[in-house]
Amino acid sequence: MRVDQGGRPLRVVLAEDSVLLREGLIGLLARCGHEVVAAVGDARALVTAVEEHAPDIVVTDVRMPPGFQDEGLHAAVRLRERRPALPVLVLSQYVQRSYAAELLDSGDGTGIGYLLKDRVGQVEEFVEALRKVADGGTVVDPEVVRQLLRRRRDPLEQLTPREREVLALIAEGKSNGAIARELVVSDAAVGKHIGNILTKLDLPQTDETHRRVLAVLTYLRA
Amino acid sequence: MSRPGFVLSAWPWRSAAYLLTGAVAGVLTLVVIVVVAAVCGALTLVVVGLPLLVVAALGGIPVAGMERRRLRLMHRAPAAGRHQVPPEPGLRSWLTTRLREHMTWRELGYALLFAVLLWPVDAAAVVVALFLPLSVVATPLLMATVGGGHEAKVLKQWTVTSWPTAYAVAVLGLLLLALCAYVLGAAAGARAGLTRLLLAPPEGELDAKVVELARSRARLVDAFESERRRIERDLHDGAQQRLVALSMTLGLARLDAPPGPLADQLAKAHGEAGAALAELRELIQDIYPKVLTDYGLEAAVADAADRCTVPVDVALRLPDRAPRSVESAAYFVVCEALANIEKHSGATRARISGGHRAGRLHLELHDDGRGGADPAAGSGLTGLADRVSVLDGRLALTSPPGGPTLLRVEFPCELTRAADRSA
């Protein structure tokens, strides 16, 4: 059964210190037609492996040896300092937005994913998110998004509930079409909402994709 | 005093010095007290004497200070006064603290006792145990000078007329002096003991015990803390990873399973695994939040506010990291307070503010709920107050019925750069 219909197979560098999960992820990605070119168990090896293999995407755990703190995340941020366009998907056990925010601040803010590890069980969603990130999209885990929705603070205060909903779906990496389907409205209506959001958040009139990322960042920092 | 070398040691001299200075200081104290009382009494008639009376009430403090210093002649261990430290700088605060506390009045009482009763006793002891034997020893000298070589009066009572008798009396005087050294020692010892009892209550040992107790409490809290971290690590590295792997396997199995009862069962199992993962994540978060270690209190508090169902504004600014124990205690105070706000307050909005100033980390939690929070009613705040106090912190709650509720907590601590800390 084909899971990923997104086209070309991706070359993945995987960093995960648990052997159990590492092997599982290699199997899962292979199943979906992607190639894990290197699978490593610590942050330093991750940096080396990326330099050596120049992968299409990096998938990494947050907590890694040697300190078992947020070495994986920091390695990802460092990698993106060198190659701002390198797509990185971070798998985390933590819902906290601090981790997602640090990651989203790195590079140019595109090609970033922050997913809960639970999400790899939802194979299809996971692979879809992987493809989106590899294509330069931004994906924030729905659980993090849900938590943020509870907070209503500036500058999100000025958004209507519907606009906030749309912004949450943008953060999850959804396209205009997908958002329209989810909210059962027309594409044009979604476009209008997004226009309003971008205006209200005072985001500069530049490239459309980039503004969406900035909107997500504003959302995370609020 | 029971040691054989006592008479030849410095102790008789120290005792004598103690009693002698006591007599002199006592006379001076008496004079000052009489003068001040007279001046105050006269000026009371024209009202200005009243503030002077307040000053006079504080007169015990310098006397007590002098007496404690004099105690060093008799005791090697320093005698500490037990005055409280005023809550804030300034004369007014100092004055109110002093006038309210027990010790000030105790010291005033001592000063009066000293001026009226104690110094004459000191003087009498010195005269009886030092000057009398000395004058007996000086008999030959007296005979040579005042008596013109013919006679001398011992203690103005007995007349000695020959040199051998005079020398014999002097030898007798030396023996008497040795004997009186003990009297002197005993008198000074008793006197110093009384002073110490009145001015430096014997809490030294108790203090040491309290310090030890506080330390052992701090050690216990540390132990709990590292135990929490260990459990968090074990759950994260063990159960959580296995559950993710299980969920992944079930997810893949669902892709392969043809539609039917088996696929339904797999979907159910997959859902259960997902729910277990979510629950485990919550549990781990409650045991020890990783974000606290990785990003510090500011981020951890913001995240705790995110999870609260009541909207919470956070205005917490900490440029650097607080000590780990403080971060942790402050974080759990915030969590407990937010849980209370969620469960009991009926608040529609809450606010967390704080920062670090003047060597203290401050946190304030404010909610617009119905108030009436009682720390004694098992709200979990009592335990937190204990935890805060282990770190010499303070926790204060004001929650009048009808609200609003304000919880303040502060810890004395210095902030350190995050980079220095992780090294």
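Glycine is treated like the rest: Cβ placed from N, Cα and C.
According to TrEMBL, the feature domain 'Response regulatory' maps to A:11-132. Summarising the annotation, TrEMBL assigns 4-aspartylphosphate to A:Asp61. Annotation source TrEMBL lists domain 'HTH luxR-type' at A:152-222.
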Can you see whether DSSP assigns A:Asp61 (4-aspartylphosphate) to helix, strand or coil?
strand
Among all protein chains shown, how many Cβ atoms are found within 10 Å of the Cβ of the residue listed as '4-aspartylphosphate', not counting that one?
28
For the domain 'Response regulatory' (A:11-132), the DSSP residue counts stand at 59 helix, 28 strand, 35 coil
Just give the helix, strand and coil counts over the domain 'HTH luxR-type' (A:152-222), going by DSSP.
50 helix, 0 strand, 21 coil
